[in-house]
Amino acid sequence: MHEWSVAEAVIRTVVNWANENHVTQVKKVKVGIPSFSFLDVEILKEAFDTMKSDSPLGKAELEVVFKDPTFKCRNCGLTFSLKDVRDQLESLKGEFGEEYPLHLMPALAPSFLKCPKCGSHDIVAETQDITIDGIEVEESGTAQTVG
Amino acid sequence: MHEWSVAEAVIRTVVNWANENHVTQVKKVKVGIPSFSFLDVEILKEAFDTMKSDSPLGKAELEVVFKDPTFKCRNCGLTFSLKDVRDQLESLKGEFGEEYPLHLMPALAPSFLKCPKCGSHDIVAETQDITIDGIEVEESGTAQTVG
Amino acid sequence: MEPLRQLAKEKLRGKKAIAVMSAKGGVGKSLVSALLALSLRGAVLVDLDVHTMATTKLFGLEGKLHEVTKKGIEPFKLGELGVVSLGGIVKDKYVVLPGGNAGEVMESLVAYANLGDANYVVFDLPPGLGDEVLTLERLTDFFPVVVTTPSAVSVKVVEYVMRYLNERGKRPLLVVNMAYMDCGDGKVARPFGDLKNAEDLAKRYNAPVVELPIDPSLESYIGKIHEYDGVVKGKVKKELVPYLT
Amino acid sequence: MEPLRQLAKEKLRGKKAIAVMSAKGGVGKSLVSALLALSLRGAVLVDLDVHTMATTKLFGLEGKLHEVTKKGIEPFKLGELGVVSLGGIVKDKYVVLPGGNAGEVMESLVAYANLGDANYVVFDLPPGLGDEVLTLERLTDFFPVVVTTPSAVSVKVVEYVMRYLNERGKRPLLVVNMAYMDCGDGKVARPFGDLKNAEDLAKRYNAPVVELPIDPSLESYIGKIHEYDGVVKGKVKKELVPYLT
Ligand SMILES: Nc1ncnc2c1ncn2[C@@H]1O[C@H](COP(=O)(O)OP(=O)(O)O)[C@@H](O)[C@H]1O
Ligand SMILES: Nc1ncnc2c1ncn2[C@@H]1O[C@H](COP(=O)(O)OP(=O)(O)O)[C@@H](O)[C@H]1O
Ligand SMILES: [Mg+2]
Ligand SMILES: [Mg+2]
Ligand SMILES: [Mg+2]
Ligand SMILES: [Mg+2]
Ligand code: NI
Ligand code: NI
Ligand SMILES: [Zn+2]
Ligand SMILES: [Zn+2]
C-alpha cells in the first residue's frame, strides 16, 4: 500500500528537478526498485497516474525496473544473489504477510537475511532502495540519465 | 612511526595470499594509501624490507601509490578534492603534529574535515584506508590485480 | 536525486522538529522524548533508535504492527499523540545493520510516516554522534534538546554534542535528567552527584537548562507511559515545553 | 584482501577476547569493562565506543595521546593493565562519523594496537546492535558479556542481543548491574525493580548470571577507577572473573 508514498516521492523529486531545470514536460520516468521489495507495479502506476496531474509529469509514463541485488558477506566474503536466499524471503513473507519489512524498507535486509554460507547478518547489498534511473523529456525526445 | 604496522599488515596479508595460492616468490607489491595520511614512504619501505625476509616476499619490492580521494558532502551534494580542504589539513597537522589523527586513521576524515561549501561533517570519501592494489609474482612475470 | 530523502524533507516542512539527543546512553532520552511529545499539542513522536526501539516498550506497543495506507505508515494513536517506530515494522525482531543502512532505514521511516497535520515532530535519537544525527541534519533544521545526567562521565561525553551543535550553529537546550530525588520532608538527595558539572557545561555553551527529578514510580508506568502524570511530567510541561512553543 | 583487518585478526590470535556489550546504553558496560580488565591478569582494555570514549574518562586519561612506536599504538599503562582508546588519538575532539566509517576506525584501532603478550583483550562496546558488533565478529570469536539493569525496558532491549548471540551460536554471560543497593543493617533496596525480568531472560537463554550492586561511592572514583576497590570490584573479581578464566 505504501506504493502510493513511493509514487509521491518519485513525483515530488522529478517535479523539483523539472522546475530547477526549466523542463515543462516529462515524457517518461524510469524508477529502479530492489526486486526483493516486491512492490506492486499496478498499484504504483495507478498511484503515479492519479497524482501526476497538474505538473510537468502530467503526461509522463512510469517505467519500473526491478533490480536484483548482489549481496556480499563481509564476514566470509561470499558473493550471492537473491535466489540463494529465496527460502529466507519466503518464510519472512509467510511470517509478516504482504507488508513485510523488506517490502517497506529494503535497507533492513541485513537484519532479516543471513549469508547462506556462514550465517552472518553482516551482508551488504549495492541496491539499497528506490532510485530514479532516468528521465525522458518532451523537448529533446532523448533519454536523460540523472540520479 | 606506525608505518611499521602498515608494513606488517601488508606483509602478513600478501604472505597469506601467497600461501593460499601456492606462490613461492612475489616480485612486487603495490599498495594504495590515501594521500592525506601522509605516510612516510622511506620508513614504510625500510620497514617492509626489514620484515620481509624468510617469506615469499624475500625479494619483493614495495610500490606505494598515493591516492587523492574525492570527497562528497551528503548534506549539500558538493563533490570536492583534497586541495579544497588543504588549509583544514594544515591546521590539523599544526595542532597534533606528525602523528595526527588522519595519519593514523584516514576513516576519521569526517570528524576533522568539513565540507568547504556548507560546513557539514557529513562527508564520504571513496578511499578509506590502505589497500593492496596489485601483486606481481615471479612465476608469470605479469602483474596480477587482487583486492 | 534521492526520492525518499526528498519525500522525508517535504513531510517535515512547516513542522517544528525537535531532536532529543545525547552521546551518552541511558540518560533518559526516550523517557524525555515520550513525556515531551505527550505534553505538546499535536505531536508525532518518531523513534529513531532503530536498535532499541524503546518507544514501543514505553507505550506498550510491542508486537503491534503499523497499518500502512495510501498516506503511508499510520502512527500508533495514544490520545492526541502519534507514535512511529521501527518496532511497528519489524515486530519483536532484533535489528542488526551494517554501517550506512541505519541512516537509510531512518530516512524511509520519516519518508513513509503519515505525519498528517501535526505541528511538532519529536525525534528520539540513539546515543552516539553518528549517522543518525547526520541523517536528521540532512532532513530538517531541528531544534536540539540535549539530555544528560549530573554524573561526571555523562557531562563530559555530552560536551562533545554541545560543541558539535555549537559549531553547526545550533542553540541547544540542556536537560539535566535524574538531577535530584525528593525524599519527603523537604529533603533532597543527589545520587548522581551535584549539578555543578552540568550547569557549568550549560553556561559554557550559553544553553538554557531544565532539571528533572528522579521519580521511582516511573518504572511502574513502563508500558503505559501515557498514563503517567507525576512530577517529571509536570516539570516537562511547566519548564521544558515553554522553550519549544 | 584487507591488510588492516588481516593484521587486527592476527593481533588477536591466541588471546581470549571478551566483548562487554548491550543494546542499551547507560547500563554500565564501560564500568564493568574497566573493573573486569583490572581484575584479569595480563589484560588490555580496548575502548570501541568511538563516540563517547568513556574509558579515558574513567581512568583519567583525557587529553593524553597514545605513543606510537614501531610496534604500533602503545596502550596507556595503569599498573599491569593496558588501555587503548580512540581518545588517545583524537584527544578531546568529538568524533562524528557517517555509517561504515566507525567500523573502519575500530578495525584500525585493533590493528595498530600493540597488544604485546596480553592474555586477555576486553572490548568495551557502544550500545546498539550495529557495525561494532559485526566488525568484532569479523575479527575474532569473542566471548560475550552482556550487561543489563533490572529495569523492564533494559531487559527487553537486551533480549535482542541475547537472541542475536544465540542465533550466532554464542553462549553469553549476563551481568545484571545496579541490581540492588546495600542500605546497611542488612537492608537491601532495589531502585530499578526486582530481578525477575532479568533472571527470566537469563533462564530463557541458558546464560549464567552475575548480579552487581549499586555503589554510590563509584562516582568519586571517576578519573581514577583503577584505585577503586569497593563492593562492585569485589563481585567482579569473585563472581565474574571465574567464568572467564
Ligand atoms: N527522571 C527519571 N526518573 C526515574 N527513572 C528514569 C528517569 N529518566 C529515565 N529513567 C529510567 O532510566 C532508564 C533509561 O532511560 P531511557 O529513557 O531509556 O534512556 P535513553 O533513551 O537515554 O537510553 C529507563 O529505565 C527509564 O525509565
Ligand atoms: N554498579 C554501579 N554503581 C554505581 N554507579 C554505576 C554502577 N554501574 C555504572 N554506574 C554509573 O552509571 C553510569 C553509566 O555507566 P557506564 O559504564 O558509562 O554505562 P554504559 O557504558 O553502558 O553506557 C556511569 O556514570 C557509571 O559510573
Ligand atoms: Mg533511548
Ligand atoms: Mg537514500
Ligand atoms: Mg560505555
Ligand atoms: Mg577495511
Ligand atoms: Ni506497501
Ligand atoms: Ni605513524
Ligand atoms: Zn558469509
Ligand atoms: Zn556540503
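Quick reminder: no glycine exception, Cβ is built from N, Cα and C everywhere.
Worth saying up front: this structure is predicted, and the values here are computed from it rather than measured.
Secondary structure from DSSP puts A:H2 (Ni(2+) binding site) in coil. According to TrEMBL, the Ni(2+) binding site annotation covers A:H2.
Cβ-based neighbour count (10 Å, all protein chains) for A:C115 (Zn(2+) binding site) stands at 22. According to TrEMBL, the feature Zn(2+) binding site maps to A:C73, A:C76, A:C115, A:C118.
Those binding-site residues from the list A:H2, A:C73, A:C76, A:C115 that have a Cβ under 8 Å from chain C Cβ atoms: A:H2. Counting Cβ atoms from all protein chains shown, A:C76 (Zn(2+) binding site) has 13 others lying within 10 Å of its own Cβ.
Recorded residues A:C115 (Zn(2+) binding site) and A:H2 (Ni(2+) binding site) have their alpha carbons 28 Å apart, per Cα-Cα distance. Taking Cβ-Cβ distances under 8 Å and a sequence gap of 6 or more within the same chain, the neighbours of A:H2 (Ni(2+) binding site) are A:E99, A:H103, A:L104. The Cβ centroid of A:C73, A:C76, A:C115, A:C118 marks the Zn(2+) site; residues of that chain outside this set whose Cβ lies within 8 Å of it are A:R74, A:N75, A:G77, A:L78, A:P116, A:K117, A:G119, A:S120, A:D122, A:I123, given in sequence order.
When secondary structure is read from DSSP and collapsed to three states, A:C76 (Zn(2+) binding site) falls in the coil class. DSSP assigns A:C118 (Zn(2+) binding site) to coil in the three-state reduction, placing it in neither a helix nor a strand.
In this structure, A:C118 is the one among the binding-site residues A:C73, A:C118 with the smallest number of other Cβ atoms inside 10 Å of its Cβ.
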